[in-house]
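Structure first, then comments.
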Amino acid sequence: MPLPLYLLAVAVCAMGTSEFMLAGLVPDIASDLGVTVGTAGTLTSAFATGMIVGAPLVAALARTWPRRSSLLGFILAFAAAHAVGAGTTSFPVLVACRVVAALANAGFLAVALTTAAALVPADKQGRALAVLLSGTTVATVAGVPGGSLLGTWLGWRATFWAVAVCCLPAAFGVLKAIPAGRATAAATGGPPLRVELAALKTPRLLLAMLLGALVNAATFASFTFLAPVVTDTAGLGDLWISVALVLFGAGSFAGVTVAGRLSDRRPAQVLAVAGPLLLVGWPALAMLADRPVALLTLVFVQGALSFALGSTLITRVLYEAAGAPTMAGSYATAALNVGAAAGPLVAATTLGHTTGNLGPLWASGLLVAVALLVAFPFRTVITTAAPADATR
């Protein structure tokens, strides 16, 4: 894989830390800003909503911009939003900062996905996506637990400042990795925007996006509210939140690595194995959450299965959107973040009921069940190469 691809993954790691770090900070933010844990959890949905709106919008605006300038500008805007968020005492201002950061993240990821696809041959897109998404999984392994520890010791604001600072080496990497003159397809004779937007009418693309959104909704429903499960249900100390996040991240890294090698050639096998296992795993986690060893083991397993299944579906989005070279990345980003926005909202409705802290885990199982029910009648469609794929 080309070196620029790995340097893009460094930037994705910095941004991924921010996207996932709230899983360990929600109780602290709620206490500091005087809101409920459920309300603080909606910061994840606010971020995801910004990603949904920002991905296609910013990608469309950036079609004629040089890729390096676009990526660099997005990183710097992302850092600035975190600096402001770290200093605020207002929850609405913090929400606004998360939305702005999400818009910048969306623009970066949309352009980065398209750039990554352009750096490799067509039959290597799954592996290229795995390298890029490894930045997210490294964030869950190291960045998010590190942020949680920093938040435990110095408060959640220190974690926001740390993310802002970590963006600087990522910006330097983009500055050195991406040639200044490399523009998007729109500036080099690619299809017009209306043609790329027309790809959204393709049933195969819409199906892949829907399934990716449902699986990611299940992931974020549980991940956002994992901290209370670790401390209250399992009875572990606050530092074990970071351990759980490390295990989830390690699992996600393993899952996306294995799926990256299989999703180009054997997507059907990945979906057939990971889907049912993921469905069983969420209820199992809910029923065994009061047993620390079982809880931590299943957190690792669910991280692996969630990212294996999710990354394979997003690879299918990129394949199905082959006729939209500058917008394909935004479609994949939007699909991921529709799920990231919906998941915590669905999970928040289960808090305070008879299921208590375990409600989000049951909600995740329900979301995966819906995904499998939707996918089953179209199982051959989602894993069969589209005509555009077959000719590449």
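Here the Cβ of each residue, glycine as well, is placed from N, Cα and C on the backbone.
What Swiss-Prot records for this protein:
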- 6-26: transmembrane segment (TRANSMEM)
- 42-62: transmembrane segment (TRANSMEM)
- 71-91: transmembrane segment (TRANSMEM)
- 100-120: transmembrane segment (TRANSMEM)
- 129-149: transmembrane segment (TRANSMEM)
- 160-180: transmembrane segment (TRANSMEM)
- 205-225: transmembrane segment (TRANSMEM)
- 239-259: transmembrane segment (TRANSMEM)
- 268-288: transmembrane segment (TRANSMEM)
- 294-314: transmembrane segment (TRANSMEM)
- 332-352: transmembrane segment (TRANSMEM)
- 358-378: transmembrane segment (TRANSMEM)
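Highlighted: of the candidate stretches 6-26, 71-91, 205-225, 332-352, 6-26 has the greatest count of Cβ pairs under 8 Å to the transmembrane segment (129-149). Counting Cβ pairs under 8 Å to the transmembrane segment (160-180), the stretch among 6-26, 100-120, 294-314, 332-352 with the most such contacts is 6-26.
Counting C-beta pairs under 8 angstroms (sequence separation of 6 or more), the transmembrane segment (268-288) fails to reach the transmembrane segment (71-91), with fewer than 3 such pairs. Proximity of the transmembrane segment (205-225) to the transmembrane segment (71-91) is not established, fewer than 3 Cβ-Cβ distances being under 8 Å for residue pairs spaced 6 or more apart.
Note on the transmembrane segment (6-26): residues 37, 40-41, 43-44, 47, 71, 75, 78, 82, 101, 105, 108-109, 112, 115-116, 131-140, 143-148, 151-152, 156, 159, 163, 166-167, 169-171, 173-174, 176-178, 223-227, 241-242, 245, 340 of its chain, located 6 or more positions outside it, place their CB under 8 angstroms from a CB of the stretch. The transmembrane segment (332-352) shares the most Cβ pairs under 8 Å with 42-62, out of the stretches 42-62, 100-120, 239-259, 358-378. Here the transmembrane segment (294-314) touches the transmembrane segment (239-259). Their Cβ atoms form 3 or more pairs under 8 Å, with each pair 6 or more residues apart.
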